[in-house]
Amino acid sequence: MPKREDIKKVLLIGSGPITIGQAAEFDFSGSQACRSLKEEGVQVVLVNSNPATIMTDPEMADSVYIEPLDARIIEKIIEKERPDGIIAGIGGQTGLNITSELAEMGVFEKYGVQILGTPVEAIKNTEDRELFKETMLSIGEKVPLSRAVHSLKEAEEVVEELGLPLIIRPAYTLGGAGGGIARTKEELLEITERGLRRSRINQVLIEESVLGWAEVEYEVMRDANDTCIVICNMENIDPMGVHTGESAVVAPSQTLSDEEHQMLRSASIKIIRALKIEGGCNIQYALKEGDYRIVEVNPRVSRSSALASKATGYPIARVTAKIAIGMTLDEIVNSVTKSTPASFEPALDYVITKIPRWPFDKFTTADKTLTTAMKSTGEIMAIGRTIEESLLKAFKSLDIDNQLGIKRWDEPEIKTLLKTPTSERLFVIFHALERGMSIKEIAELTSINPFFISKMKKIVEMEKCIRTEELTPEFLREVKRMGFPDSRLAELTGKTREQISDFRHEEGILATFKMVDTCAAEFEAATPYYYSTYEDTCETNSTDKKKILILGAGPIRIGQGIEFDYCTVHAVTALREEGIETHIINNNPETVSTDFDTSDKLFFEPLTMEYVMNVIERERPDGVLVQFGGQTSVNLALPLKKELKRRTDLNTVILGTDPEDMDLAEDREKFYLLMQELGIPQPEGGYATSQQEAIEVAKRIGFPVLVRPSYVLGGRAMEIVYDEIDLERYMKEAVRVSPEHPILIDDFLEAACEIDVDAVCDQIDVLIGAIMEHIEEAGVHSGDSACVIPPQSLSKEVLDQVRDYTRKIALGLRVKGLINIQMAEKGGKVFVLEANPRSSRTIPFVSKAVGIPLAKIAAKVIAGHSLKDLGYTDEPKPKHVSIKEVLLPFDKLPGADPVLGPEMKSTGEVMGVDYDFGRAYYKAELAADNLLPLTGKVFLSIRNADKPELVEAARKLQAAGLELMGTRGTVNYLAQHGIFMDTVKKVHDGSPNVIDMMRRDEVDLIINTPTSKMSRKDGYRIRRAAVDFKVPYITTIQAAVAAADAIETMKKGQDLTIKSINEYHKEMEQKEE
């Protein structure tokens, strides 16, 4: 069936900000779908609230709307754009939920929009837990015994019926949010209450436990002709009871018998046919000794399908988009081989391993247990010829300190950790094996298949041999084939990494590269996508063209999000436009940078010195770019420069800003001297190598001070310290100080306004992309603060000072490419806090706000163009207001305190655009799932220092018709200023207090700013309850003032502007002409 001619224009809904359970995989699938539809001549209208994505680039679709993913707003876009159809399954859970909501509102009927691909019925039959169970039973498939409940009373009845433990799964939620495993009746009621609040239709499924069964997934594809294929099957190393997004996964499945595989394959095809899903779909099974249960079906592109795409090279989202407009699998060409149709099932001749990356280094109080609800922020994937090689490369890719053999646990601890899955479980298994625990005992405690544990045991045994035996050339070849990195061999043999590497080269033991080609080398592949191993034949052919290698950003984690992948992709595009052959090395399966056709060659490898050098030795690029991949690639800059210098046989150089100059910016002492030389003020500061020294420095500067370790990303272990006792606690708990690793102590500028600048420098001119004014005060990590372009309250003098300092610093650091500078303004004086000569997390937001692609311009500057040649020297002047707001993951992390400070906690971001601050801020809050109420009750409990600023905001809220109430201190203070409101008890004064009111849905907004450590407990309980009961909350006084402005603007009855980002950019061009 050829493409439908009646579908000329299609609406795609993106997945919004990155959050736990929904990361970059939807940007990767969304941008693939956009390109796929445009190839077929279809007009694309895209809506997404997340500016840090490639899919929201103005050239990705015909019209790009960066607007809140809210049904009412999307209805307005439909009214304006009049699309013929909508594709729901590309935007993850968000896309599905909004499509279902729009269908229920009757929007599609009203405007004649067809749902393409998977029909709404199929979405209902998979997302509504009760309907799903009925559908499966009707086709004779087995599901766990279960009951759907809508109240706590019904939940109690289920215990009598099914016994404990029980698994709770809310309907229409993401990453298992709100669900969990209940081992007692109390846990059941607590999780059910949370789940009912999360579910869009207030429904929770309680099912019998299949804990400990194996979890297997099948990725299946179907077209309108009813042709079905299985793309990939994957096996979770962790058993049932751990969400698949939290589990280590291997593909293809390793422990299934051929009989089991055929049984599940047939079931998968039967299920996708029964549900009438068109496009890609993911089916999860619980399997035990030939018996199985269907756990769930995702009728959409998912995290697992992104993994399956990268594992097989089969572009699932691209094919799904073509099926949605009526094409069939035999008409679609496999874009990797360019010769076989998409109806050929992929074949693998390698093993992939995926391991999640968790944010527990940021949330020390959060519960680290892994359950059926997701907590990880990202993941890595590694490819090897054997499972051992694949596992060892995966560990190396995680970019965490806890490599094998570093952490030690004692016997009782080991048993507990094996029994209860945590993020450290795989490392614990290795440790248990080292201590001589048997495979059988570990398998019994963990319910992990003995096959996987025996493979880990092989690694442990090989380590013992490496420690005791001489490293002969034959033995070295054997351990390299197994996947041991040089750095680990150096640790085990007491040599240096360089010695191992040199010995390897002398003996001619070099990495070879194999190709991922979807067909186990049966057909010729046209898109080069490689992984390294130690075999004899190498499948990559080097060319004589000018080549540049770009280092990617690795797994998504707090502090290093999708923004750096965005910068990487832009750099690749810019260099390819210049005719330069561009290669990428990265290990994140969720991103656009690891898509098969982003670069000329993709190397799926760990981002460490050895693996980067392997690629350089084989391909001999002219240069390497390290400034686009965030801290991961910046950390490699200096060591890589040294290594390239040491290797006289290589002519590769590091391009862009010199690593020595990058280091100058990171090294506080050197940077301080440069600032003095340039005559630029900094907050008073110092550094300490002992506790005594720290107290002396802090006393000299005067409390409060900002303390942090040197060299960090996303402000790890950063704190504002108010007195000596607090400082002593920080020194004991947070950091280990030594002469090599001093701690930095700075004067904390209270109530200062923080400013961020992104710029490009070619060593002659400096292009300022934008000056951003932060809404939260200095002291909240810049990655967690909302910010606005253009600045709203800074004077012309301050802005001129900011521009002057930016130029001086960029030229003083000899920057070639991007630079981000953070400053603070207090009393009209500007201080420089820090400068980072690399890509920053605000680059995508700035590029979308002002309409110029900064990362692309930077890459062209590095390739040799001047800013004058490129025609970019003037700072753009937007006529609209753009606000970046962040998305915080507290609702997915029970126990973590939702308060902002100098340590970064957000996972993603959204953008609000309109013609004034009020409307833009309202949109940004709506997009960040923190809807500002226009009617109802507001609860205020504010620390003393913030009370003067509250008066004006409280007046505006009252004038807008909202009812105010608060704790005694706040009520009395406002009464002195003529604002009267009700008093509510503090939490520790007993009931009825604000938490009781939240439980009864009697509060519409919480404004609570944290005080000193002592009475924080009350505040913590209020803020935590706000998250758990889904009440919008604000924890800084500046955000409260901004919210009051936004509510005031909205109450004046002004409509929100609905315009595409393309239209806003066009207006800027017209004004400039």
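Every residue gets a Cβ built from N, Cα and C, even glycine.
Residues or ranges marked as ATP 1 binding site in Swiss-Prot (evidence: sequence analysis): Arg129, Arg169, Gly175, Gly176, Glu208, Val210, Glu215, Gly241, Val242, His243, Gln284, Glu296. Under the three-state DSSP scheme, Glu208 (ATP 1 binding site) falls in the strand class.
For Gln284 (ATP 1 binding site), the same-chain residues 6+ apart in sequence whose C-beta sits under 8 angstroms from its C-beta are Glu215, Val216, Glu217, Thr244, Ile294, Val295, Glu296, Val297. Residues or ranges marked as Mg(2+) 1 binding site in Swiss-Prot: Gln284, Glu296.
Annotation source Swiss-Prot lists Mn(2+) 1 binding site at Gln284, Glu296. With a 10 A radius on its CB, Glu296 (Mg(2+) 1 binding site) counts 18 other CB atoms from all the protein chains.
Under the heading Mn(2+) 2 binding site, Swiss-Prot lists Glu296, Asn298, citing sequence analysis as support. Listed in sequence order, Thr126, Cys281, Asn282, Ile283, Ser304, Ser305 are the same-chain residues six or more apart from Asn298 (Mn(2+) 2 binding site) with CB atoms under 8 A from its CB.
The Mg(2+) 2 binding site feature in Swiss-Prot is assigned to Glu296, Asn298. Taken residue by residue with DSSP, Glu296 (Mg(2+) 1 binding site) is part of a strand.
Residues or ranges marked as ATP 2 binding site in Swiss-Prot: Arg708, Asp747, Leu749, Glu754, Gly779, Val780, His781, Ser782, Gln822, Glu834. Cβ-based neighbour count (10 Å, all protein chains) for Arg708 (ATP 2 binding site) stands at 20. Taken residue by residue with DSSP, Arg708 (ATP 2 binding site) is part of a strand.
Positions annotated as Mn(2+) 3 binding site by Swiss-Prot, on the basis of sequence analysis: Gln822, Glu834. Long-range neighbours of Gln822 (ATP 2 binding site) (same chain, six or more residues apart, CB within less than 8 Å of its CB): Glu754, Ile755, Asp756, Val757, Ser782, Val832, Leu833, Glu834, Ala835.
Taken from Swiss-Prot, the feature Mg(2+) 3 binding site covers Gln822, Glu834. According to DSSP, Gln822 (ATP 2 binding site) is assigned to a strand segment.
If you draw a 10 Å sphere around the CB of Glu834 (Mn(2+) 3 binding site), it holds 15 other CB atoms from the protein chains shown. Swiss-Prot lists Glu834, Asn836 with the feature Mn(2+) 4 binding site, giving sequence analysis as the kind of evidence.
Look at Swiss-Prot and you will find Glu834, Asn836 tagged as Mg(2+) 4 binding site, backed by sequence analysis. According to DSSP, Asn836 (Mn(2+) 4 binding site) sits within a strand segment. Its Cβ taken as reference, Asn836 (Mn(2+) 4 binding site) is surrounded by 19 other Cβ atoms within 10 Å in the chains shown.
For 133-325, the entry in Swiss-Prot reads domain 'ATP-grasp 1', with the evidence type sequence analysis.
The feature domain 'ATP-grasp 2' is assigned by Swiss-Prot to 672-863.
Secondary structure of the domain 'MGS-like' (930-1071), assigned with DSSP and counted as helix (H, G, I), strand (E, B) and coil, comes to 73 helix, 19 strand, 50 coil. What Swiss-Prot records for 930-1071 is domain 'MGS-like'.
Annotation comment: Swiss-Prot describes 1-399 as region 'Carboxyphosphate synthetic domain', evidence class sequence analysis.
What Swiss-Prot lists as region 'Oligomerization domain' is 400-540, and the listing cites sequence analysis.
Under the heading region 'Carbamoyl phosphate synthetic domain', Swiss-Prot lists 541-931, citing sequence analysis as support. Within the model, the region 'Carbamoyl phosphate synthetic domain' (541-931) shows a mean pLDDT value of 92, rounded to a whole number.
In this record, ATP 2 is bound by Arg708, Asp747, Leu749, Glu754, Gly779, Val780, His781, Ser782, Gln822, Glu834; the longest C-alpha to C-alpha distance in that set is 18 Å. Closest in space to Asn836 (Mn(2+) 4 binding site), of the binding-site residues given as Arg129, Glu208, Leu749, Gly779, His781, is His781, taking the CA atom of each residue.
Applying DSSP to the region 'Oligomerization domain' (400-540) sorts its residues as follows: 74 helix, 11 strand, 56 coil. By the Cβ criterion (under 8 Å, sequence separation of 6 or more), the domain 'ATP-grasp 2' (672-863) is not in contact with the domain 'ATP-grasp 1' (133-325), since fewer than 3 such pairs are found. A gap of 35 Å separates the Cα atoms of Arg708 (ATP 2 binding site) and Val242 (ATP 1 binding site). Most other Cβ atoms within 10 A: among the binding-site residues Glu208, Glu215, that distinction falls to Glu215. Straight-line distance linking the Cα atoms of Glu208 (ATP 1 binding site) and His781 (ATP 2 binding site), rounded to a whole number, equals 44 Å. Rounded to the nearest whole angstrom, the C-alpha distance between Val242 (ATP 1 binding site) and His781 (ATP 2 binding site) is 32.
The binding-site residues recorded for this entry are Leu749, Gly779, His781, and the Cα of His781 lies nearest to that of Arg129 (ATP 1 binding site). Classification of His781 (ATP 2 binding site) by DSSP places it in coil, neither helical nor stranded.
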